[in-house]
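Step one of this worksheet: look at the structure below.
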Amino acid sequence: MYKSIAIMIILLPLASALINGLFVRRIDKKLASIVATSFLSLSALFALIIFYHTGLNGHIIHIKLLPWIEVSQFKVDWSIYIDQLTSIMFIAVTWVSSVVHIYSLGYMSRDKGIVRFLSFLSLFTFFMLMLVSADNFLQLFFGWEGVGICSYLLIGFWYSKESANKAAIKAFIANRVGDFAFILGVITIIFYCHSANYEDVFLLAPKLANTKILLADFEISILDIACLLLFIGCMGKSAQIGLHVWLPDAMEGPTPVSALIHAATMVTAGVFLVARCSYLFEYSPMVLQFITIIGGITCLFAASIAIMQNDIKKIIAYSTCSQLGYMFMACGVSAYNSGIFHLVTHAFFKALLFLSAGSVIHAVHEQDIFKMGELRNKMPITYGNFLIGSLALIGIYPLAGFYSKDSILEAAYSSGSFMFIFGILAAILTAIYSMKIIMLVFHGKTRLEKDVFEHAHEPPKVMNNPLTLLVAGSFFSGMIGYYLLSMDKPNGYFHDSLLNLHAYKLLITHPPLHIKLLPMVVGIIGIVVGIYLYKSDVVMSFLRRQESSKDNYFTKILINKYYFDELYNFLIVKPINCLACLFYSGDQKIIDRFGPNGFARSVNCFSRLTGKTQTGYVFNYTLYVVLFVVVTISYFVWLVAV
């Protein structure tokens, strides 16, 4: 029975996508809505059953559906593997996705492409479920590329907008960079392990760690190379510093898409992969150190950019980038359990933030927070939802973020990583930009046009009611994970799914009380600072002058996002364009001129010349015959004479 339920969890979103996608011209909005929401809700309920069976009772489900690849000794089956890690991911993905589907019925109600939109959302969910339930690297890669394709389709959903098309292409290309490294990592593993199955590869991890090769006079293990390549793939998918540039542009898609991408699907795939491959990464301390550094830098880097953004969705997008940095920092210090714990809690409160922001945008048709204000009385439910999501993000007790984020920072402190300081600084900035949104959108004097402000109201129930589930998740997921499942401990819920060779250090090291309370304390300080900065009109006008000042180089750097786009444009885009122009000129002026076009011109020229001999006069043709006879006789006479 449980095997059938497990299969249904994955196939129901696929069925929804196929029904709505293939019959998009024949199916009406109402029927499409019923199919999408009922199938996804059923999948979410089944995920609870599997969580009880596998997550709580520890019964692992391994289903071999059908043979896929068989070449000599290399064999890969199409399988479903569900352990504690997969079952908790099922909960996060299906429940957030079902809420997003229901919310979309109201948000996209006036859009002619709603059936196509629901189809893409369901397909996105299917690929993510396939990714987390794979038992081998090739099947994981299938899901990995699937979520990438769906993100392209959803970010560019409004394809008549040029900015949406450019954002979709940017996201697709940026992820291709990471995916290229990911493919090389998988190829390396298959080449040396002669298998793509997790079980076989993980057993060979110690051997791979001891297999050394010389690379530019530097001895490095095969495992280090494979893990580094896999992590670069994760950097692209999870928008870590360097490959993060696609994330803010992804806001061009409809807001429900942003919620699904940032909360439970695409960007969390990288964190999941590192956790799933903990059996490899634990034997590669060099790569773990690199992951810690990248995660720590990203969480502070993205939070600093979020401070200076004015677009409500982009602030939350950079918040996602920052929180993913926390998750990778946890994985880097071998606290994979804390990273996944934060992934799950983050899924609920980040989806709540995005969908609440969507309600605001739906009401006022504006995304610039400096043009809003005084909406708390017009939209009290949305205000309450956004406040709960923000406090959970900041890490205020007893909301979910308090337990999961503190777990990460305690692990970083216990491991002696300097990135702990980066995490604390990012926590302060998180509180400040969260309060920036709340104060400018819901408090103060309105800066909206009078007509827009007067007509601002709560969204319909189909948009508001589903958020109750996310509010509950933002409240209770942290408590359940901490008190009931012990997700913060390496020997807790995930002890059979994740490997931690240094678990004893985390178990015997107990950070002092002030370290445990420090994240919440700095969060409260950030809240106070944020309220002070964005409540006072005097301070606000000063901040606006600083942001617009041409002499304030620090704010210019933050507003321009550390000039990553400009840097890539200068180092990559422009040289490629110059090279393309050079090749284009060579193609047009040399290859085409002397190749196909030159040959065609020669034939045309010859045909024109021969055409001139066709005069239509008999005496001309007689002359040609006489000339031919004279030339022929002369030639033979010359041959005889010689």
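Glycine is no exception: its Cβ is also placed from the backbone N, Cα and C atoms.
Taken from Swiss-Prot, the feature transmembrane segment covers 31-51 (among others). Sequence-distant contacts of the transmembrane segment (31-51) (same chain, at least 6 residues past either end, Cβ-Cβ under 8 Å): 2, 5-6, 8-10, 12-13, 15-16, 19-20, 24, 61, 82, 87-88, 90-91, 93-95, 97-98, 101-102, 105, 114-115, 118-119, 121-122, 125.
Packing against the transmembrane segment (88-108) from elsewhere in the chain are residues 9, 13, 33, 36-37, 40-41, 43-44, 46-48, 50-51, 55, 82, 114, 117-118, 121-122, 124-125, 128-129, 132-133, 254-256, 259-260, 263-265, 268, 272, 340, 343-344, 347-348, 351, 355, 358, 362, 459-460, 462-463, 465-467, 469-470, 473, 493: each is 6 or more residues past its ends and has a CB under 8 Å from a CB in it. The transmembrane segment annotation in Swiss-Prot covers 88-108 (among others) and is backed by sequence analysis.
As annotated by Swiss-Prot, transmembrane segment applies to 114-134 (among others), with the evidence given as sequence analysis.
Per Swiss-Prot, the feature transmembrane segment maps to 171-191 (among others); the stated evidence is sequence analysis.
The transmembrane segment annotation in Swiss-Prot covers 213-233 (among others).
Feature annotation from Swiss-Prot assigns transmembrane segment to 255-275 (among others); the stated evidence is sequence analysis. Beyond the ends of the transmembrane segment (255-275), by six or more residues, the same chain brings 85, 89, 92-93, 96-97, 100, 103-104, 107-108, 121, 124-125, 128, 131-132, 140, 143-144, 147-148, 150-151, 154-155, 157, 230-231, 233-240, 247, 281, 291, 313, 316-317, 320, 324, 327-328, 331, 336, 339-340, 343, 346-348, 350-351, 354-355, 357-358, 361-362, 498 to within a C-beta distance below 8 angstroms of the stretch.
With a threshold of 8 Å between CB atoms, the same-chain residues lying at least 6 positions outside the transmembrane segment (315-335) that come near it are 234, 238-241, 244, 247-248, 250-251, 258, 262, 267-268, 270-271, 274-275, 278, 281-282, 288-303, 305-306, 309, 342-343, 346, 350, 353-354, 357, 369, 393, 405, 407-408, 411-412, 414-415, 417, 419, 422-423, 426, 429-430, 433-434, 436-437, 490, 500-503, 506. The transmembrane segment feature in Swiss-Prot is assigned to 315-335 (among others).
Annotated transmembrane segment per Swiss-Prot: 340-360 (among others), in sequence order, evidence recorded as sequence analysis.
According to Swiss-Prot, the feature transmembrane segment maps to 383-403 (among others). Remote same-chain residues near the transmembrane segment (383-403) are listed as 319, 323, 341-342, 345-346, 348-350, 352-353, 355-357, 359-360, 375-376, 427, 430-431, 434-435, 437-438, 441-442, 467, 470-471, 473-479, 481-482, 488, 519-520, 523-524, 526-527 (criterion: CB distance under 8 Å, separation of at least six residues from the stretch ends).
Annotation comment: Swiss-Prot describes 418-438 (among others) as transmembrane segment.
Sequence annotations record features per position, and here Swiss-Prot assigns transmembrane segment to 513-533 (among others) based on sequence analysis.
According to Swiss-Prot, the feature transmembrane segment maps to 622-642 (among others). Packing against the transmembrane segment (622-642) from elsewhere in the chain are residues 613: each is 6 or more residues past its ends and has a CB under 8 Å from a CB in it.
Away from its own ends, the transmembrane segment (418-438) comes close to residues 292-293, 295-297, 299-300, 303-304, 306-307, 309, 312, 315-316, 319, 322, 325-326, 329, 332-333, 369, 386-387, 390, 393-395, 405, 408-409, 412, 518-519, 522-527, 529-531, 533-534 of its chain (Cβ-Cβ under 8 Å, at least six residues beyond either end).
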